[in-house]
Amino acid sequence: MASNMDREMILADFQACTGIENIDEAITLLEQNNWDLVAAINGVIPQENGILQSEYGGETLHGPAYGPTSHSTAASSTPSSSSAFRHVVPSRQIVERQPRMLDFRVEYRDRNVDVVLEDSSTVGDIKHILENELQIPASKMLLKGWKTGDVDDSTVLKTLHLPKNNSLYVLTPDLPPPSSSHSGALQESLNQNFMLIVTHREVQREYNLNFSGSSTIQEVKRNVYDLTSIPVRHQLWEGWPPSATDDSMTLAVSGLTFPCHRLTVGRRSSPVQTREQSEEQCTDVHMVSDSDGDDFEDATEFGVDDGEMFGVASSALRKSPMMPENAENEGDALLQFTAEFSSRYGDCHPVYFIGSLEAAFQEAFYGKARDRKLLAIYLHHDESVLTNVFCSQMLCAESIVSYLSQNFITWAWDMTKEANRARFLTMCTRHFGSVVAQTIRTQKTDQFPLFLIIMGKRSSNEVLNVIQGNTTVDELMMRLMAAMEIFSAQQQEDIKDEDEREARENVKREQDEAYRISLEADRAKREAQEREMAEQFRLEQIRKEQEEEREAIRLSLEQSLPPEPKEESTESVSKLRIRTPSGEFFERRFLASSKLQVVFDFVASKGYPWEEYKLLGTFPRRDVTQLDPNKSLLEVKLYPQETLFLEAKE
């Protein structure tokens, strides 16, 4: 724990390094970092990959390293430190403060807009960004939520002593609230993508351009200028709807046909050129620098036509952009990037992953451990003097292309346009953290292009190296191989862990399968027993029903029998003696005039139905059940007495 004297010294050094004049704020930041000077400074001013040296006892304090050695120190650095910038902070000496970035989340009705600005910006700068995002004039906005009270547009953010993350909200009392149905339809239209098929009349070439509904007609014309080299004020259009009367109008409200609309553009007629001028327009375009065509927009004021500057055709003054500005779909933007890269530098180049940065992460980091690769992010910048040399001589070298294709997933982005640059910095902050984003943000144009080497880890993605454009093929290959060594070591550990995990999972799956089979066998056995018991119960029920039915029939027959005639009856009586299959006998007297059916019913009433038993006579042996049951006993010669026996039918 630092003493009071040490804390005063640390506080003085902290304020000198960061420029924070508010003592309470400085003490709060130091207390959050346990009075660790280096940690507190890194929390306020993220270091660009460096080593902070302090005079406290001559101790050297190491900070995180992400990027390559700067050009000025490369000669004096050892190979082991070639991936770190060196930044020295003298004790008690005021150093130039790097810009502090502030994050604002601004709420307006049902929308949230994230704004990132340096603390040297003003409140008006925030309103200007919101004006483009919300399509609301800055003069109509009231920006609320400041903890220090109301502020005006000229207030510098640094003077408000704001924390890094802030929440604000916008009020527009002068604007009527939109109806829910109209607002929902307008918002849906703003989120739609329009396909504009633009035909360049002079060269008979079509361009398929994707724009969001929130893009303006002016943005379309500027993008067409990038493709055709026809300045906006000299573009002659056909196909715009009659309602598209203002270039500041968004495509969503301009009346375009959704989802596809055809337009034609050409150059307005200019004064007749001389033969010498026409010949000069055929000058080799490679002799012209890559200066921005906007610098020549006003050339006609000096008597020079837009189509001609110093005897060179205007199409040579500007290359086609590597990537459309405000690219909404990253996959479409990468398709254009790959096509333009091939047209400039040939077909021998790295195979760029077509898709979003998140999809590239999935492809590189989240497959099986044996299939994972490093991720290489190429950041292009057309305005850097190093770009052409780096692309043509290093990035397109066969050895580099082959090594990248085998070991890396390569993703690219164009940092030339400010909107695309801001979008990548937002993605970078989300995936790699603010330190890496700040490192890239502070890179100057002539330090581009950049090559980021990313390795996926369990908890986060790690930037192994940031390679600047001022390198050689051998150095680039060495850095790629060094990154590959680190990755291979990590990959072997991941493969081992994955194999062990799969082995455990296989054992568990086998145990679960054996348990499932056992349960299935028990269930099948139990079901078989239940079926057997159910079948026995069913048969028993059938048997009982049959017995009950037979008993009911027997009782019915017994009750329907005529009374047995008495021995002293005056009518003729036949006495029958019947032997059962078990050897028992039962006798009964019948009138000789009774029908044979009465005998059958009597036998059935004793439990021997004629459907199951035969009634046989002895002398002569005959089957009585085969006789006509409607004949009388006298007619079938069962008179005056007869002995019969029962036999079960087969």
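Each Cβ is built from the backbone N, Cα and C atoms, and glycine gets one as well.
As written in TrEMBL, here are the features:
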- 62-88: region 'Disordered' (REGION)
- 68-84: compositional bias 'Low complexity' (COMPBIAS)
- 491-511: region 'Disordered' (REGION)
- 501-511: compositional bias 'Basic and acidic residues' (COMPBIAS)
- 555-575: region 'Disordered' (REGION)
- 569-646: domain 'UBX' (DOMAIN)
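Over the domain 'UBX' (569-646), the average per-residue pLDDT in this prediction is 90.
Per DSSP, the secondary structure of the region 'Disordered' (491-511) breaks down as 21 helix, 0 strand, 0 coil. Helix, strand and coil counts from DSSP across the region 'Disordered' (555-575) read 6 helix, 3 strand, 12 coil.
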